[in-house]
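Taken from TrEMBL as is:
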DOMAIN    44-245  domain 'EXPERA'
TRANSMEM  14-37  transmembrane segment
TRANSMEM  49-72  transmembrane segment
TRANSMEM  136-159  transmembrane segment
TRANSMEM  227-249  transmembrane segment
Amino acid sequence: MALFHIGDFPIDPITLYSITTFTTLLLVSFLALHLLLPRTASLAPRLLFFWHTFDSLVHFILEGSFLAHTFLSSTPILPAPRDPSAAIHPLTPPGVFWLNDPARLYGVKFGEGWLAGMWRDYARADRRWEGADLTVVSLEVLTVVVGAPLAAGIAWAIWQAGGRVQRKTAFWITVLATGEIYGSWMTFAPEWFTGSPNLDISNPIFLGDASRRLDRNDVPTDRRHRWCYLVSMNFVWIVFAVYGMYISYGVLTEEPTTKAGKKTQ
């Protein structure tokens, strides 16, 4: 139920939770930038420090919560079939079961708490996030276990270098950026190649009431879910990944200098 509207966009409690959460993570990242990096640091290291701080928080907190619900939140399939393997598991191939458990369904759809609610809201744009899609979960495990610590380490390295991107830091920025771009491709390419059965792409130009459709529970979806989630919350990661690779390329290809400031031969 919407609390109020901003133009066409309904603002419900979950939307407020989402806005508040992301605003808080942005503020924490900005505060870290303000407190830790010297004001003399140039723009590129400041942007990369801010982004990787924010990136690590999103991966740890938000995507970490998604994984927790995927492994821990479940519901039994009722009524229980005589042959549990015959039950319908909508996000896995026939005969394949998440955690090898044919009698239960897993995912944020069955979780409790505001973080589960946020992911259910996201799932209105991409329903794979309401359950245990094998590709999505596999990518999220790498994101949380590898990507989050790596992003935090990059931010820490920029801080330790006094607001500079050193060559070894540039290498790891490139590694993480490559992973982010590859992960985005592996997330959406299977949908594009199969007609986007799980994505809400009913109106790519986001105009008027035509941008609304019914989800599987006959609840009207709105363009907010596609614009804020499918576009903004994924495209931004690509933009910063490309930017990080661009800055890192400049650092890695710059000729090293001696302590006296002369270029080495």
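Glycine is no exception: its Cβ is also placed from the backbone N, Cα and C atoms.
Counting Cβ pairs under 8 Å to the transmembrane segment (227-249), the top-ranked stretch among 14-37, 49-72, 136-159 is 49-72. This prediction places the mean pLDDT of the domain 'EXPERA' (44-245) at 84.
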